[in-house]
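What follows is one structure encoded as structure tokens, with my remarks underneath.
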Amino acid sequence: MAMVDEPLYPIAVLIDELKNDDIQLRLNSIRRLSTIARALGEERTRKELIPFLSENSDDDDEVLLAMAGELGVFIPFVGGVEHAHVLLPPLESLCTVEETCVREKAVDSLCKIGSEMRESDLVDSFVPLVKRLAAGEWFAARVSACGLFHVAYQGCTDVLKTELRSIYNQLCQDDMPMVRRAAATNLGKFATTLESSYLNAEIMTMFDDLTKDEQDSVRLLAVEGCAALGKLLEPQDCVARVLPVIVNFSQDKSWRVRYMVANQLYELCEAVGPDCTKTDLVPAYVRLLQDNEAEVRIAAAGKVTKFCQLLNPELSIQHILPCVKDLSSDSSQHVRSALASVIMGMAPILGKDSTIEHLLPIFLSLLKDEFPDVRLNIISKLDQVNQVIGIDLLSQSLLPAIVELAEDRHWRVRLAIIEYVPLLASQLGIGFFDDKLGALCMQWLQDKVYSIREAGANNLKRLAEEFGSEWAMQHLVPQVLEMVNNPHYLHRMMALRAISLMAPVMGSEITCSKFLPVVVEASKDRVPNIKFNVAKLLQSLIPIVDQSVVDKTIRQCLVDLSEDPDVDVRYFANQALQSINGAAVA
């Protein structure tokens, strides 16, 4: 008998933990509701577990959040879609709690369940639930109701549909701003389920009310609805009903609303079409680029390239470029940074001549900006300009500024330049690289910041791959080997790091003739950090060189290091010796 009861014991514990005083135990049990339901069976889950959960809606928010999520995937555990309605009561009570994230999760779960329910159950159980929530005294219930209408509406009778539209209209005019905000947020979803005949007559009336709301938090959510509704309407209706709203919003007294318009402008332009964009939205966008509030200018500046894609180059040059020039010297560094992150993308749109005439001066100005993020954003997108104007012009106009930035006082800017050097090298060719950038590459190995030194060593490897081992042997290897004798131990260590990265690229012959003697000599360094890095480096050279070199030179050096007074040196030397022995056995 004990053997039969034993599998049920953990389930009994989980059920007891649902009532435990310890929140962590309750949480653990809620997260395993599906296990409990499987053990109880479908009928007992419907008759015992779900009613228990319905009564348990005054628990801690963390437990309620987990419960709301679990119930959304509970249909298989209550007997399938024909019994899905039994899951509605606990979720309905969760839709009325004060904590927003619990309500949102409960609404998500209700939407999942409602979308799987049979039409008859939807009418008998789901629609009454939505109506109860919409009529709730506490605002939280009405807020939750707004997110359920698009599920409830489908499959209803015409009478019920009319009632639901009327209720939603009342929610759009609710006394509480939180409810009106929820109605504005969900209006687009609800509109997608409506018959087209009601869009103009009823939904757009609700939308108009929301766009004139006294609370800016409601109006800015209505901005998001503009694009969604615009795509549902016929083009002529969109121009007549949505376009005037967008133009008015771009001049709204609240900067938050104007910010939202600037942020959503590309989607709004797609909704109203190219003709209206050119005639009505270009002036609105220009106003946003010149807005008094820096946050609005930041949002508008970040969309400048996407917006120009919708226009022909002449319109962009005539209307947008003057604003871009002003923004490049804006008083806010964040505006300049937002502009710098996208302005390079304008080069392909405007073409070579216009880029040279209008954009290059702006690029140069931003490359010399005092704020490092602005310079960084320009550097990281240089390849977009190179494709348009060609390497010769790029090297004449922008490279002097790039060389200057390679010694920038902000290390992140120097890092961005280093990461860009291999690409520059491949585009400029060996000759130009040697003249302008070669000296900088060795300079970075001795930088004060470790990240720069590490990136500099990686850069040497990538250059060796780009230009070949012969070029590297002539221009890089002698200077790296010279650094091994540097009085500063960090520079000596970085020389070893560069050797470890370059050795696989340079091949066995150069590694044995040039690198290995220097590394063996470095094993006698007085600094333990150098010595254990030598041990790690020798281990990395094992696959590159011949076995005879391993046995004759590398093994002996590691044996000497394995007897070093320093514990770390001995550890890494023994690790390397083990890998030699392992390779020999293999």
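A Cβ is built for glycine as well, from the same backbone N, Cα and C atoms used for every other residue.
As annotated by TrEMBL, repeat 'HEAT' applies to 10-48 (among others).
Annotated repeat 'HEAT' per TrEMBL: 164-202 (among others), in sequence order. Sequence-distant contacts of the repeat 'HEAT' (164-202), counting only residues of its own chain at least 6 positions beyond either end whose CB sits under 8 Å from a CB of the stretch, comprise 127, 130-131, 134, 139, 142-147, 149-150, 152-154, 156, 209-210, 213, 215, 217-218, 221-222, 224-225, 228-229, 232-233, 237, 241.
Here the repeat 'HEAT' (203-241) returns a mean pLDDT of 83 for the predicted model. Feature annotation from TrEMBL assigns repeat 'HEAT' to 203-241 (among others).
As annotated by TrEMBL, repeat 'HEAT' applies to 242-280 (among others).
The repeat 'HEAT' annotation in TrEMBL covers 281-319 (among others).
Nonlocal intrachain contacts for the repeat 'HEAT' (320-358), taken as residues 6+ away from its ends with a CB within less than 8 angstroms of a stretch CB, comprise 282, 285-286, 289-290, 294, 297-299, 301-309, 311, 313, 365-366, 369-371, 373-375, 377-378, 381-382, 384-385, 387-390, 393. What TrEMBL lists as repeat 'HEAT' is 320-358 (among others).
Among the features that TrEMBL reports, repeat 'HEAT' is placed at 359-397 (among others).
Annotation comment: TrEMBL describes 398-436 (among others) as repeat 'HEAT'.
Sequence-distant neighbours of the repeat 'HEAT' (476-514) (same chain, 6+ residues past either end, Cβ-Cβ under 8 Å): 441-442, 445-446, 453-454, 456-458, 460-461, 463-465, 469, 521-522, 525, 527, 529-530, 533-534, 536-537, 540-541, 544-546, 549. The repeat 'HEAT' feature in TrEMBL is assigned to 476-514 (among others).
Residues 481, 484, 489, 492-493, 496-497, 499-500, 502-504, 506-508, 560-561, 564, 566, 568-569, 571-573, 575-576, 579-580, 583-584 of the same chain lie 6 or more positions beyond the ends of the repeat 'HEAT' (515-553) yet place their CB under 8 Å from a CB of it. The repeat 'HEAT' annotation in TrEMBL covers 515-553 (among others).
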